[in-house]
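Q: First the structure, which I've put down as structure tokens, then a few questions once you've had a look.
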Amino acid sequence: MVLRKVFPAMFTLPKEAPACSRNGTLYLLRCIFLMGVRRPPARFFVVYCLWSFALNLCSTFYQPIGFLTGYISHLSEFSPGEFLTSLQVAFNAWSCSTKVLIVWALVKHFDDANDILDEMDRRLTQPSERLRVHQAVSRSNRIFFIFMTVYMVYATNTFLTAILMGRPPYQNYYPYLDWRSSSWQLGLQSGLEYFAMAGACFQDVCVDCYPVNFVLVLRAHMSIFADRLRQLGSDPGESPEQRYEQLIQCIQDHKTILRFVDCLRPVISGTIFVQFLVVGLVLGFTLINIVLFANLGSAIAALSFMAAVLLETTPFCILCNYLTDDCYNLADALFESNWIDGEQRYKKTLMYFLQKLQQPITFMAMNVFPISVGSNISVTKFSFSVFTLVKQMNISEKLSKVEGEAD
């Protein structure tokens, strides 16, 4: 199968193969390298620097400025639907640029997290344990490509719809370009906008999908760890000293998991916080556009954009809730182990360890609110408030009236 040869990490390896949890972020980290935010390789130093400069100049730095400048220069020429299409993307572009800068500054944390995953892999001895990691790795990579497909479908769909309508997708401002003057300038501006938006979508996939990729693999290790806890003291041939050593090793395993979480926490906190700030507003503008102004082509593009926006926070928030349940499962697994007949030292250490396991692993968005499904629903509901406000103020009718007078 061609796909298996090109993207082997998308497919589950046999249980005899050694575990390699870092492969769960294989394609993610390759794309982060293509974002131009890593150390340039010595062999392609100039090429990589030029690519990084071109992509980040267009997508990270100029695109947010281009949206704002376009509104200042040609606001009167926008129809309501075109303005909302541009505005919903503008807010997301500003947030995307901020998230890219956060990841750029903290990208070393991804390498450190993969090194910790290597430590966890060395504790896997059973074929069934390796199989669970293989399944998590393949699932993680498939989800990454699902993200990439959804984001790129939006960028391409918006570009094609705009071309058919004879306008650039977002009508950004580019010096010395006037798309109204000739067809080749229209094509050039549309191409520049598509390159910038495709680059931004490419970056957005990386900065939105990395928490999902890492946490999926973490949950596989936590499931294996729960089984390991449950088996403590089950071997009648073990001496008390051996049982105690097994318990201490499990405590070390838990510390390794916490180090992995602490390694990712600064990056996740910043990027999710930025997204939470804008997701309700962006979805509100998108709903207004779909319901009140969009034609069929624009509505399809807006729906694909809405799917992309929901992917930015919802999957990871769901995983955070699952992660909390996994922590409680660890405590239950330890309590279900054979500790009744243990010596006094073993019991005291186990009780202390049990208290630590009962503290769930949580991620915070800049220490403001927890990252969870509840928080995600709260910020998403703001979009309905925006929609209701526009309806009650009859803004849509006023915009339509202004457009009719301009025609």
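Note that Cβ sites are derived from N, Cα and C of the backbone, with glycine treated the same way.
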Q: Labelled transmembrane segment by TrEMBL, one stretch among 191-209, 267-285. Can you tell me which?
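A: Comparing 191-209, 267-285 with TrEMBL, transmembrane segment matches 267-285.
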Q: Between the stretches 45-65, 143-165, 267-285, 292-311, which wins on the count of C-beta pairs under 8 angstroms to the transmembrane segment (85-107)?
A: 267-285
Q: Quickly jot the same-chain residues contacting the transmembrane segment (143-165) by Cβ under 8 Å, restricted to those at least six beyond its ends, or write none.
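A: Those are 7, 10, 27-28, 31, 85, 190, 193-194, 197-198, 201-202, 204-205, 208-209, 212-213, 216, 297-298, 300-301, 304-305, 307-308, 311, 315, in sequence order.
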